[in-house]
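Asks: Summarising the annotation, Swiss-Prot assigns active site, proton acceptor to Asp68. The Zn(2+) 1 binding site annotation in Swiss-Prot covers His64, His66, His124, Asp191, and the record cites sequence analysis as its basis. The Zn(2+) 2 binding site feature in Swiss-Prot is assigned to Asp68, His69, Asp191, His250; the stated evidence is sequence analysis.
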Amino acid sequence: MPLLKLVFLGTGGAVPRADRMLPAIYLEDWLGHRILLDAGEGVQYRLFQIGVAPSSLTLVAVTHMHEDHVLGLPGLVITAKFLGGKVKLLGPRSAHGILSRLGVDVADGYDGGRLRVRCVEVCHTVDACGWLLEWDVGYKLDLKKVEGLPKWALTKLIRGEEVEVGGRVIRPEEVADPAHKRYRRLLYTGDTGPCPRMLKTVGEVDVLIHEATFADDVDPNKAHEEGHSTVADAVEAAKALRAGVLVLTHISARYTDKARHRQLAGRVPPPPHVYVPDDFDTLLVQL
């Protein structure tokens, strides 16, 4: 079953609070990939607190080079090396030079077979990547169309491979259930204001993790000038992307709690289902 585990290690932005650390999200999928999205200050300690060794990470993907998103990297990289691992780092191309000084491999995308990760340009004040994660969950077959086929053929068809049975070549598209989506997608925006080009590039997602630095008490134009979003901006993006799940994070330290964000989120009729997590909250999402 395609299942994602998301642990929100840091849900703040720019300045930490005692109960709200800087941006970092741990993602674990049903295939065994372990991915860290952004690396706020002290993130390695938070990983240890949830029982995850830095050396076990498949990828660390940072959205941009503002300090609140990357100050946890040096310690994370060093500890991973001490533990016998090596961090695979993703970041914007403009940051590859400085990131490579950490002694790690740096790229702007990842292809792990059934999981692909790529950079999507967002609208911030510096060069920044949103990270689009796409899983190939295979085909769901139309039982009437595959009746009588051997099990080995069914297995290959589900994986997306064509087969030859009795001299007939069968392509998975020919016998698939048209109502089933082969790919599942998650977008993590990092810092961004409203971004039409991001929406156009991405198309649709199942899960959207979108910054909501501000609730509704700040002039939206001011927020956008700073390269940030309000709750309303994030909801609008989720609807445009037809997301089933929207997670709001990167909450400004100006808010002593997230009550207003949650009030606004609670007014949104699903879809999307809107969540405003606290630090260390875990969200399980079935794709």
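Each Cβ is built from the backbone N, Cα and C atoms, and glycine gets one as well.
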Asks: For Asp68 (active site, proton acceptor), list the number of other Cβ atoms lying within 10 Å of its Cβ atom.
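Replies: Asp68 (active site, proton acceptor) is surrounded by 23 other Cβ atoms within 10 Å.
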Asks: Within 8 Å of the Cβ centre of Asp68, His69, Asp191, His250, which other residues of the chain have their Cβ, at the recorded Zn(2+) 2 site?
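Replies: Other same-chain residues near the Zn(2+) 2 site: Gly13, Ala14, Leu22, Pro23, Asp38, Gly40, Thr63, His64, His66, Gly190, Glu211.
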Asks: Measuring Cα to Cα, how many angstrom lie between His66 (Zn(2+) 1 binding site) and His250 (Zn(2+) 2 binding site)?
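Replies: Cα to Cα, His66 (Zn(2+) 1 binding site) and His250 (Zn(2+) 2 binding site) are separated by 13 Å.
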Asks: Whole-number answer please: how many Å between the C-alpha atoms of His250 (Zn(2+) 2 binding site) and Asp191 (Zn(2+) 1 binding site)?
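Replies: Spelling it out, the Cα of His250 (Zn(2+) 2 binding site) and the Cα of Asp191 (Zn(2+) 1 binding site) are 8 Å apart.
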Asks: Measuring Cα to Cα, how far is His69 (Zn(2+) 2 binding site) from His124 (Zn(2+) 1 binding site) in Å?
Replies: 13
Asks: How big is the gap, in Å, between the Cα of Asp68 (active site, proton acceptor) and that of Asp191 (Zn(2+) 1 binding site), rounded to a whole number?
Replies: 11
Asks: Are there residues of the same chain, six or more positions away from His64 (Zn(2+) 1 binding site), whose CB falls under 8 angstroms from its CB, and which are they?
Replies: Gly91, Pro92, Ala95, His124, Val126, Asp127, Ala128, Cys129, Gly190, Asp191
Asks: Counting other Cβ atoms within 10 Å of each residue's Cβ, which of the binding-site residues His124, His250 comes out lowest?
Replies: His124
Asks: Determine which residues of this chain, when His64, His66, His124, Asp191 are set aside, have a Cβ within 8 Å of the centroid of the Zn(2+) 1 site's Cβ atoms, and list them as they appear in the sequence.
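Replies: Neighbours within 8 Å of the Cβ centroid, excluding His64, His66, His124, Asp191: Thr63, Met65, His69, Val122, Thr125, Val126, Ala128, Gly190, Thr192, Gly227.
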Asks: Provide the three-state secondary structure of the residue listed as 'active site, proton acceptor' computed with DSSP.
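Replies: Note: the residue listed as 'active site, proton acceptor' is helical by DSSP.
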